[in-house]
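Participant: These came from Swiss-Prot, pasted as-is:
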- 1-24: signal peptide (SIGNAL)
- 25-134: topological domain 'Extracellular' (TOPO_DOM)
- 25-55: region 'Disordered' (REGION)
- 75-101: region 'Disordered' (REGION)
- 78-88: compositional bias 'Polar residues' (COMPBIAS)
- N105: N-linked glycosylation site (CARBOHYD)
- 156-167: topological domain 'Cytoplasmic' (TOPO_DOM)
- 189-205: topological domain 'Extracellular' (TOPO_DOM)
- C203-C286: disulfide bond (DISULFID)
- 227-251: topological domain 'Cytoplasmic' (TOPO_DOM)
- 273-310: topological domain 'Extracellular' (TOPO_DOM)
- 332-360: topological domain 'Cytoplasmic' (TOPO_DOM)
- 382-398: topological domain 'Extracellular' (TOPO_DOM)
- 420-481: topological domain 'Cytoplasmic' (TOPO_DOM)
- S471: phosphoserine (MOD_RES)
- T479: phosphothreonine (MOD_RES)
Amino acid sequence: MRWLWPLAVSLVVVLTVGLSGVSGAATSSLGGHRAKVQEQQSRPRRGTKDEGPKEVQHYVPEEWAEYPKPIHPAGLQPTKTLEATSPNPDKDGATPGNGQELRVNLTGTPSQRLQIQNPLYPVTESSYSAYAIMLLALVVFAVGIVGNLSVMCIVWHSYYLKSAWNSILASLALWDFLVLFFCLPIVIFNEITKQRLLGDVSCRAVPFMEVSSLGVTTFSLCALGIDRFHVATSTLPKVRPIERCQSILAKLAVIWVGSMMLAVPELLLWQLAQEPAPTAGTVDSCIMKPSADLPESVYSLVMTYQNARMWWYFGCYFCLPILFTVTCQLVTWRVRGPPGRKPECRAGRHEQCESQLNSTVVGLTVVYAFCTLPENVCNIVVAYLSTELTRQTLDLLGLINQFSTFFKGAITPVLLLCICRPLGQAFLDCCCCCCCEECGGASDSSATVSADSKLKAEVSSSIYFHKPRESPPLLPLGTPC
């Protein structure tokens, strides 16, 4: 039985060690279970506000932008996206949900932002002024186009009227025609719709053409005045052959090139400016502001021209032709003597022709001064009182400035057709032949007409529309009478 004691001792040791291990394992497992339960209780449930991944989803970028949503293909597409200045539209004291409303107000309807303003319909308070401007523009356009085309066609188709004098008048009519045909529709369209046709190109081309037209008129009046002075003081015979085409083109080239060279700074001075309209879209306007991309030397010259433009405009395009005409007329009157005394070397018909030419020069100068005076007054007022005037007043002065140029282009050919007898008679003959088909039959039915009357009719018709077979005799200087 002695061997049972070691067995009993070993069993007691094994049991003691096993019970202690089991109790430790149970205790550790119980502690681990409690820790797991506490961890599960401390972890927030899914969908609550304290969830970790949700904090990452609340990231707000520094700037947010709205991109155009797909719209109907027939609608107008916005030109650029609109960005908000605030990082979060819900902040800065705004209530939640105002961000979407802000974006809708900024974006607006594309058709409303890019549509052309039409003040003619529906009829409002501004419609009456728009209709008045359109009616006045149509009258000026019709009168100017018909008159200038008539002067150019008469001089072109008449052999006896192809002199330097009449060619200068025809070139004057050509420039007035170009100004009325191209500049008048652009200016009226901009005044009514507040949109500029051809954009920046028209802002530069319209002032260039208008100033070139003023230069052509100025130098033409100076050339006509010099011609009258030369005729009055020259001791050479008062008649000479019809001038050749090369001589006429050389004189016209001097006038045209000089006028266009003086108008070149207008191409670099004007720019297109767009401002937001109070209702919808933008308002186009042309402003005098040289481009910063110009070379430094050119930019300084343009700035100098801008600063001196008003007085240069007044001196060169207003005072110069008036002083030239007045001086030449005074010298001519002094050389020719009082109206009652006629020189012995001059016939009565030639004296009448020269008097008519002098009246033409004086009439052109008076009309030119009358039409350009409002333009110069507006330039001076804008230069010195622009800060004290409202935007509506400045726009009105600009419109008066433009219409004064258009009035000059429309009244000048009418004056030429009324004062210059050959041009006026040719215009009436042309209208009679175009409107009355019985003009030719009336001459055939009159069988009792004398031979002198027939000869006079043939000479009269050949003067204006037919080139004679042989070289014509010597003709008086200027417009034949």
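Start at 1 and count along the chain as shown; that gives each residue its number.
Including glycine, each Cβ sits where the backbone N, Cα and C put it.
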Participant: Can you name the far-off residues of the same chain, 6+ from the ends of the topological domain 'Extracellular' (382-398), with a Cβ under 8 Å from a Cβ of it?
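Facilitator: Sequence-distant neighbours of the topological domain 'Extracellular' (382-398): 310.
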Participant: DSSP on the topological domain 'Extracellular' (189-205): how many residues come out helix, how many strand, how many coil?
Facilitator: 11 helix, 0 strand, 6 coil
Participant: Could you please provide the mean pLDDT value for the topological domain 'Extracellular' (189-205)?
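Facilitator: A mean pLDDT of 88 is what the model gives the topological domain 'Extracellular' (189-205).
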Participant: Counting only residues 6+ apart in the same chain, whose Cβ is under 8 Å from the Cβ of C203 (disulfide bond)?
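Facilitator: Once residues fewer than 6 apart are set aside, C203 (disulfide bond) is near R196, W270, Q271, L272, C286.
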Participant: For C286 (disulfide bond), just give me the three-state DSSP call.
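Facilitator: DSSP call for C286 (disulfide bond): strand.
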Participant: Counting each residue once, how many in the topological domain 'Extracellular' (273-310) are helix, strand and coil under DSSP?
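Facilitator: Looking at the topological domain 'Extracellular' (273-310) with DSSP, the answer is 15 helix, 11 strand, 12 coil.
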